[in-house]
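Over in TrEMBL, the protein carries these features:
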| type | residues | note |
| --- | --- | --- |
| SIGNAL | 1-25 | signal peptide |
| BINDING | 120, 233, 509, 510, 538, 549, 550 | FAD binding site |
| DOMAIN | 278-292 | domain 'Glucose-methanol-choline oxidoreductase N-terminal' |
| DISULFID | 446-501 | disulfide bond |
């Protein structure tokens with residue numbers, strides 16, 4: 001029998017593998033303006049207060065600082081002193097860390113799927129798999145953004161954080177396998193979102209060093225910006241004069257020693273508070289501040305500022321399904337570099353080499369503890385496929401496993417869920433339900449995506465990385481033996497790809513929604529029903545842009561920063 005410990009080690013490895021110009025600049029880590037919140041005075045005044053130094057917030061703060069006094073509040077630390085963030089080889093270990101100040105805060109959705117949210121300057125760009133690619137032209141038109149400004153904003157971001165990867169053997173085999181599988185034409189290297197097979201950008205440079213959204217603060221005017229680290233925002237404060245809309249006026253936050261601080265807006269009709277706390281953090285903070293469904297807020301003991309039942313609605317997470325492929329020869333350490341963008345609404349990508357680092361290690365224990373807290377977690381009884389695979393000679397002399405994974409992500413998705421508060425503590429995760437595959441069209445896309453993966457694995461180009469005994473069906477059975485989520489496994493999954501998709505669904509960390517345009521914010525991202533408050537981040541999206549949203553979220557911070565400055 002294979003031990004539960006070993007199952008969990010491999011399960012975590014699967015989950016961890018697949019995770020996303022103004023004045024004179026100062027190189028990171030910006031010691032002149034990035035300070036711990038313990039150094040903040042009890043009260044301060046700014047033109048713009050940005051909550052969340054993540055993928056959008058850093059770009060937004062850097063842009064606004066060119067012409068206004070800006071405060072950026074980040075609940076985490078700098079990314080630069082953490083080798084698990086800065087080096088590609090540390091990717092799985094940063095996600096496995098569940099200490100109180102870890103850069104990746106773990107949560108489990110009510111769907112029984114493991115997930116993470118960033119808790120570090122740079123946000124999700126500091127913990128993801130690094131793929132960098134733009135949204136499609138159709139997406140830009142559909143949202144209503146100015147294409148010229150969008151392109152300029154992408155270029156502004158790309159100068160700091162985007163690189164062309166060196167495609168080594170595993171990624172090349174997947175690329176060629178996608179072409180063999182008919183995902184045509186070949187687009188070469190490009191940031192653009194184009195149907196076919198392409199090599200995309202990466203925020204890891206040629207030395208495997210990660211460049212996060214925090215690097216965009218190198219553009220900032222250091223005389224106009226202050227960044228407070230380990231600053232946990234508890235609520236936005238409002239004035240509520242009779243006959244007028246509630247107006248955001250200040251932010252209450254606490255430092256790492258639990259000391260209270262208040263940042264106020266300067267006098268002026270153009271000054272604003274901007275939420276950039278992400279798809280979980282922004283709707284959570286709106287609710288904690290009294291903007292949300294009144295019955296839910298009252299049940300939590302929160303004073304209602306505005307009854308807004310759409311806050312927390314429209315939550316979506318693009319479902320991901322994975323096939324693990326043991327290799328008869330060594331594979332490079334690689335995260336997402338190649339993508340097949342199909343016409344059927346699914347994207348196929350790959351990663352490799354990290355099992356050399358995590359096989360047999362202790363990093364899975366933290367996730368195992370989480371799993372033990374969920375009573376639906378049960379191990380499958382049939383582990384014969386697992387035993388067959390690990391007994392094969394693909395294990396290296398050190399007992400590590402040479403392997404990679406090929407995954408598919410469903411575009412959109414069309415299925416949606418919701419977010420609710422669990423407590424009034426802003427450090428606690430909200431309760432979120434994504435309703436994976438609620439819309440049958442998402443399920444059909446998953447089935448089609450899995451068929452593309454099958455064709456890649458069975459292709460001549462991929463043959464050097466496939467054991468002769470490892471049929472696609474045996475790899476599917478192997479996936480069913482792994483506790484990669486907390487969902488019940490069904491016998492039908494062995495022959496029904498629909499059931500396989502449902503039972504083995506994972507996150508690709510591209511969740512969005514909760515503060516969507518025309519529901520919670522207007523087309524300029526102003527919160528409906530109140531003044532001096534905006535939300536600028538992925539919580540405003542209806543669909544995940546491109547094959548990875550991080551480039552577009554960074555672009556949005558720059559884009560909206562420029563628009564806001566034009567309004568001053």
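Just so it is clear, glycine is given a Cβ too, placed from its N, Cα and C backbone atoms.
Residues 51-52, 54-55, 107, 117-118, 123-124, 233-238, 300, 302-309, 311-312, 315, 419, 421, 424, 426, 429-430, 432, 511-515, 520, 527, 529-530, 535, 537-539, 541 of the same chain lie 6 or more positions beyond the ends of the domain 'Glucose-methanol-choline oxidoreductase N-terminal' (278-292) yet place their CB under 8 Å from a CB of it. Annotated pair residue 120 (FAD binding site) and residue 501 (disulfide bond), C-alpha to C-alpha distance, rounded: 32 Å. The DSSP breakdown of the domain 'Glucose-methanol-choline oxidoreductase N-terminal' (278-292) into helical (H, G, I), extended (E, B) and coil residues amounts to 11 helix, 2 strand, 2 coil.
Residue 233 (FAD binding site): 25 other CB atoms within 10 A of its CB, across all protein chains. Among the binding-site residues 233, 509, 510, 538, 549, none has a Cα sitting within 10 Å of the Cα of residue 446 (disulfide bond).
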